[in-house]
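Asker: Can you read through this structure? Questions will come right after.
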Amino acid sequence: MTDTPSFRSGFVAIVGRPNVGKSTLLNHLIGQKISITSRKAQTTRHRIHGIRTDEDCQYVFVDTPGFQTKHMSALNRGMNRVVNTSLRDVQVVLFVVEARHYDERDLEVVKLLPKDVPVILVVNKADMLDDKAELLPYIQKLSTDFTYAAIVPVSARQNKHLDTLLQAVREKLPEGEMIYAEDEITDRNERFLASEILREKVFRFTGEELPYSVSVVIEQFKLDGKLRRINAAILVDKEAHKAMLIGSKGEKLKEIATQARLDMEKLFDGKVFLEVFVKVRSGWADSAQMLRSLGYE
Ligand SMILES: Nc1nc2c(ncn2[C@@H]2O[C@H](COP(=O)(O)OP(=O)(O)OP(=O)(O)O)[C@@H](O)[C@H]2O)c(=O)[nH]1
């Protein structure tokens, strides 16, 4: 008698301090770019579900924002709440750290790890170690801070050992039916994806000059036949930031909007008419109402 493995499914949260590679990991695990990565820390501010359906398992990933301890504005407090909330209803937590750097910011996240949900420690960027023998003592050190269900070194960027990771996750998921239809990749709509793309361009074209409090709001998203008409606002908290974004003769904003439009057209597979405004909103990062309107509860 052959023993076919039973189907398993469940929710998996990805947590870790900024810049450890959570978005990269998610993208590679689900094989499609839905969450935007950037070299600038903390670009992921929303929960994103990514779904991977294999023959014997469906993984529903929850991507949580980086855990920011440096600037505790209302925005960041909101983000910490998102981290907490997203850990409550999952079956497995992936705690991502870097192969080389482990500091007090990682320990802040350790404090949030649930005791009643299996936590798998994902040691990412293993490709950065010249000598792989460094891994073992490093892992030993990390495992004294928490009782992990498994520890898996990977390279998200190079797609290394992701199969091992998926296997480790599957073992911890309960037997059950598919949660989402097979062709659903993300539960985020085009409006959200448009704002993510624009936000990525803002960070890319302004480098380190702009603070993290910059935000993007899609004010209008209309389908006009096959054309998508999108009006977006980039919210900044100082006139100086507005000038920085607009650039001399509006060159920078034009470049940002053009690159964003091209990416949107590729993703939506259709023409996009994109208008982008820059607005100054003083003290917005501390406005509870603003947080709500951006989807943070
Ligand atoms: N060398 C190496 N770099 C990686 C790997 N995975 C991610 N990176 C890089 O690390 C940087 C941060 O990656 P992200 O995926 O944006 O990190 P994140 O944890 O989602 O960051 P936040 O959104 O700030 O929380 C990017 O420049 C990635 O290309 C990896 O396996 N190896």
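The backbone N, Cα and C atoms fix where each Cβ goes, glycine too.
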Asker: Between 42-46, 52-56, 187-191, 247-251, I'd like to know which one TrEMBL lists as region 'G2'.
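Answerer: Per TrEMBL, the stretch marked region 'G2' is 42-46.
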Asker: Write down the single range among 63-66, 103-106 that appears in TrEMBL as region 'G3'.
Answerer: 63-66
Asker: Among the binding-site residues Asn19, Lys22, which residue has the fewest other Cβ atoms within 10 Å of its own Cβ?
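Answerer: Counting other Cβ atoms within 10 Å of each of the binding-site residues Asn19, Lys22 gives the minimum at Asn19.
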